[in-house]
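As recorded in Swiss-Prot:
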type	residues	note
DOMAIN	834-909	domain 'MBD'
DOMAIN	971-1049	domain 'Pre-SET'
BINDING	C973, C987, C1030, C1034	Zn(2+) 2 binding site
DOMAIN	1052-1277	domain 'SET'
BINDING	S1062, G1063, W1064, D1098, Y1100, R1231, N1234, H1235	S-adenosyl-L-methionine binding site
COMPBIAS	1128-1144	compositional bias 'Acidic residues'
COMPBIAS	1166-1178	compositional bias 'Basic residues'
DOMAIN	1286-1302	domain 'Post-SET'
Amino acid sequence: MDQQEPSNNVDTSSILSDDGMETQEQSSFVTATIDLTVDDYDETEIQEILDNGKAEEGTDEDSDLVEGILNANSDVQALLDAPSEQVAQALNSFFGNESEQEAVAAQRRVDAEKTAKDEAELKQQEEAEDLIIEDSIVKTDEEKQAVRRLKINEFLSWFTRLLPEQFKNFEFTNPNYLTESISDSPVVNVDKCKEIVKSFKESESLEGLSQKYELIDEDVLVAAICIGVLDTNNEEDVDFNVLCDDRIDDWSIEKCVTFLDYPNTGLNSKNGPLRFMQFTVTSPASAILMLTLIRLREEGHPCRLDFDSNPTDDLLLNFDQVEFSNNIIDTAVKYWDDQKENGAQDKIGRELNDFFHEIESTSAEFKQHFENAVGSRNEIIQLVNEKIPDFDGTEAAVNESFTSDQRTEIINSRAIMETLKAEMKLAIAEAQKVYDTKTDFEKFFVLTVGDFCLARANPSDDAELTYAIVQDRVDAMTYKVKFIDTSQIRECNIRDLAMTTQGMYDPSLNTFGDVGLRVACRQVISSSQFGKKTIWLTGTAAGRRRAHRSDFLIFFDNGTDAYVSAPTMPGEPGYEVASEKKSVFSLKEMIAKMNAAQIAIMVGQPVGKEGNLDYFLTFHWIRQSHRSAYIRDFMKEFPEWPLLKMPVGMRICLYNSLVDRRKKMVTVIGTDRAFAIVRHEAPNPLAPGNRCTDFPCNDRNHQHIDEKIYRGSHRLEGAAHKKHMISTNNNLSQRRKDQLQSQFEPTDMIRSMPERNHQQVVKKKTTGTNQNVASTNDAKSKREIEIRKKNQFLFNKIIVPIPVLTPLENLKAHAQCGPDCLQKMDADPYEARFHRNSPIHTPLLCGWRRIMYTMSTGKKRGAVKKNIIYFSPCGAALHQISDVSEYIHVTRSLLTIDCFSFDARIDTATYITVDDKYLKVADFSLGTEGIPIPLVNSVDNDEPPSLEYSKRRFQYNDQVDISSVSRDFCSGCSCDGDCSDASKCECQQLSIEAMKRLPHNLQFDGHDELVPHYQNRLLSSKVISGLYECNDQCSCHRKSCYNRVVQNNIKYPMHIFKTAQSGWGVRALTDIPQSTFICTYVGAILTDDLADELRNADQYFADLDLKDTVELEKGREDHETDFGYGGDESDYDDEEGSDGDSGDDVMNKMVKRQDSSESGEETKRLTRQKRKQSKKSGKGGSVEKDDTTPRDSMEKDNIESKDEPVFNWDKYFEPFPLYVIDAKQRGNLGRFLNHSCDPNVHVQHVMYDTHDLRLPWVAFFTRKYVKAGDELTWDYQYTQDQTATTQLTCHCGAENCTGRLLKS
């Protein structure tokens, strides 16, 4: 057993402390085996060995391996007679005597106390130097990188100028070592260093280079190579693996980076070069080598280095050396005493002697039995020859011995016997055929005792596989293997075992197929900042090789997907090595073989009834439920599994994993067959390259996190649910299905986004032709477009003045406020004089004061916090919105709660105006909105859009029945005030109860529970289950009610303006707080059937299908809710449980699902299109049976139907139509809101004039703070007909603009 390297445990806190240069005394231990060979020593020599005690420290005797075997020889007696004290003394010579152990333990206690003290002092120092530490905290990544590079250059400059003798004896005890240990020039001339680098590059070895260039030792040689590499930025591309061997590892690199990033380190600080070497446990040459590696990596120069992971390192670093040595000594002494008590004859010797005696006696007995058997055989042969004489007339003798009847019977019996033999042979042949057919595949995947294999001790799909040797086959599902790295023997299931004797190169797989095949793949991952590690992970082959340019598409069990290249045919790289056949492989040869093969075949495979690979059963072999469900769905659709189109520049949300539903925004920067390469957003928006989309990115200063994602993965937000909505029966219209389908279908050409509100363009918008509807824009030069963009922003900002009020200090304080406190300045916020200012500015025109206070936080230099305090007309200070609410209540003010905002970003005084020459219409709403809606055009001379303005929605024609829009279809609340307490308002409780019926994950935004009602007339988050406002049935006060928002008039001033490229838009004329109501979207109410008939004029359609909205949101938030992922059920074959009830538990009325095994029919929702077809064929009320394959039927027979309640939307509304809003000919301000990839407005469904779930109002709320002059936009989520061959480009101008309006 080789001597182990000393383990050095360095306390970071003690090294980085500011006082003291001492380091911990480092202890070492030597593992050795006491091996006294009696044949080589006589009794006297053995006694001398025991008497010698401890050898002199530092001699070669400490590292010698003393070998010996305790046998049954009589000479052992002398050894056994030795007292145990001498034995302990001898053992202590290897592990250190008791006094040394006590000293080490004492020193450790002292060090622990010192460490605690140092940490306390360091904490005090950090508090005293708070500004210094804050500077390091607030630095950007770019600034931190610059500081790190400066430190690296300083340390390299010092280390490379060390005197040659200092490289060998580097214990700097001189306090002036920083100046006295170095020279003015590098230790080796730079030109000479370059020559050394070239020689090293050619030989790839350090051997002989020190003598060739007359260097004192190898450490100076390493330093010279680093100097040469740094001077040329490693143009030679030196392989650092040879240099780092036995010098540094990834642990050293990590320690080095930690030291450099520490704020109080540097060449001239207390934590200088000496502390650096102590902290990283390195010599000067190794320090130069580490700093060189980090500098090359920081600057993006070539740096070839792969650290091999060594699990022994961590084990050695964690050893308690004293405890380890004491345990060995105690065990050895105990064994010594036990042997003496048992007598002189050693137990092992006795057992060996007994064993050999048994062998000898058994051999003699066996020999005698064999001789007796041979003799008996010879006697029997001789007896047969004597008793049975030979004669030729056999048939004649038979004929003479039997009568005619007996002969006939014998002949018949022989005929029957021959017939039976023939039938038996035929049956055996048929049975053999069946056996061969069913077991060829199984025989292919069988391990043999003694074979190498890949196995995992931890039965988890995420765990990696390591090399092992087969010990025994326990049963058909279990093998006993011995792991090579740990020598453990364990029983492993065949789903955790992979073969090394077979691979993808085997011709037999051409017969079995590879789709659904369970495999283990070799993957190289990053194990540290500078190292890589090779592991084997299990997965499923998911695509035919020819469909992916000769690569295998692998779905790994841990949730990732990748292409894996593996040789399958002669001539391909690695084929000869991978396919080599030998009776015996060494471990090294086997590793080389598997590295070439890249893919190993798992022992456990999905075998069907016919004995072949059945990929429909693959999901049974995957333990993780989410991954198993995904594989199940994929194999059912194979090869028709759809891929989401992900063009470069597209932005999409990506889930962390199938289990972790947290989302991150990513940008598509490239594609690779069925994969898209996406770039994650940097946590710091100011980081270098945050908006870079180059792939590959060659800017060394950019820090990117790129990932390859399978375009059919359920980690892509909405992809699984959209595909599910298309492929299953639901209540989506064919028009909506076509829109969803287009996201998975190819498109041919791209066209510009039309001017959505331009009268001439409307007719051409969705015809599906190749005509370029924006040809006029295309014809314009870039200069003209730039001019249009500039003219678009020709507006003025004015400041709305406030009246002069009595100074606050002159107002008298009083205990109780009342109506008189309003100073007769109170007014209705809807008065005409407030139309040209922000509603939040209105209180300031009524005697209120809104004062911003800026205060220092005291945590960081320059960090401030801005607070808003309102002062009422009587001088009362109101610090929060609840104070304002109470004041309005007690004073009975006409001002409403939404006229107040504590958002410090809001500038209440700014108002946007335009020159009179650009004003086309003073009030486009013709007075219907209660506030003027001007229309302006500073871009061109186009006439105002042709639209009949309407504030309320209306029925399209007499065929549309909207009789449910009535107070008779509403329930009201019993509140007698302003409904400010949601817990007491029955209408707000309806909203809360509707939210509670949603799946649990849709009730939260991250870790925050969503609030399903207004808060002070603000909507903090979108409520997909819908909001219930108070209505005509309620007894609350209409104007002051906190739950009446959408039904009120527009409050914030806006105007319609002509944009440069997107037609007419809507601009905010004042600052608008987040969560504020903007306006509604109104138009003609159409039935869904009418909408399908008008599908070519659907550019102004808005679906009122609340259930559809909920289902799509479920798909975006957590698609496994729809598929049954993540539940407690283990029966993944439950087709009805997976598809039949998705999204139907939203509403209150519940029905029970029928048991398909009893009724013989499956309860399936009909699409509106199929319902219409059924009615035409006379089957309007019937329920269609779903087409199932024999496999589906077989699997369903084994599944118990679960009796769970769901709300059946279609049964509830089946006699009644669903509705769509069309604002093409007649509408309101909401019709002019344009699309944006980064919208500041979102849509909310609200019910107040009816509680008919089919007829909610469509309302717009701000999703973030809007500045005066900003355009109000929302995300259309617009998709085109699947038969269309064009795409619309987007000109929203957002930083994250995908460039596409139609998402194909």
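Each Cβ is built from the backbone N, Cα and C atoms, and glycine gets one as well.
Known features from Swiss-Prot, placed on the structure.
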| residue | record | DSSP class |
| --- | --- | --- |
| C973 | Zn(2+) 2 binding site | coil |
| C987 | Zn(2+) 2 binding site | helix |
| C1030 | Zn(2+) 2 binding site | coil |
| S1062 | S-adenosyl-L-methionine binding site | coil |
| Y1100 | S-adenosyl-L-methionine binding site | coil |
| N1234 | S-adenosyl-L-methionine binding site | strand |
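Closest in space to N1234 (S-adenosyl-L-methionine binding site), of the binding-site residues given as C973, C987, C1030, C1034, is C1030, taking the CA atom of each residue.
Of C987, C1030, C1034, all annotated as binding-site residues, the residue with the shortest Cα distance to Y1100 (S-adenosyl-L-methionine binding site) is C1030. Each residue contributes its Cα atom, and for C987 (Zn(2+) 2 binding site) and W1064 (S-adenosyl-L-methionine binding site) these two points are 37 Å apart.
For G1063 (S-adenosyl-L-methionine binding site), the count of additional Cβ atoms within 10 Å of its Cβ stands at 20 [all protein chains shown].
Other C-beta atoms found within 10 angstroms of the C-beta of Y1100 (S-adenosyl-L-methionine binding site) number 21, with every protein chain shown included. For G1063 (S-adenosyl-L-methionine binding site), the nearest neighbour among the binding-site residues C973, C1030, C1034, judged by Cα separation, is C1030. Residues C973, C987, C1030, C1034 make up the record's Zn(2+) 2 site, and a Cβ search at 8 Å around their centroid adds G972, C975, C979, C985, E986, Q988, Y1028, E1029, N1031, Q1033, S1035, C1036, C1041, N1043 from the same chain.
A separation of roughly 26 Å, to the nearest angstrom, links the Cα atoms of C1030 (Zn(2+) 2 binding site) and R1231 (S-adenosyl-L-methionine binding site). Across the structure, C1034 (Zn(2+) 2 binding site) and S1062 (S-adenosyl-L-methionine binding site) place their CA atoms 43 angstrom apart. It is 37 Å from the Cα atom of C973 (Zn(2+) 2 binding site) to that of H1235 (S-adenosyl-L-methionine binding site).
Under DSSP, the residues of the domain 'MBD' (834-909) split into helix, strand and coil as follows: 20 helix, 18 strand, 38 coil. In the predicted structure, the domain 'Post-SET' (1286-1302) carries a mean pLDDT of 70. Looking only at other Cβ atoms within 10 Å, the busiest spot among the binding-site residues C973, C987, C1034 turns out to be C987. Each of the binding-site residues R1231, H1235 was scored by other CB atoms within 10 A of its CB, and the lowest score goes to H1235.
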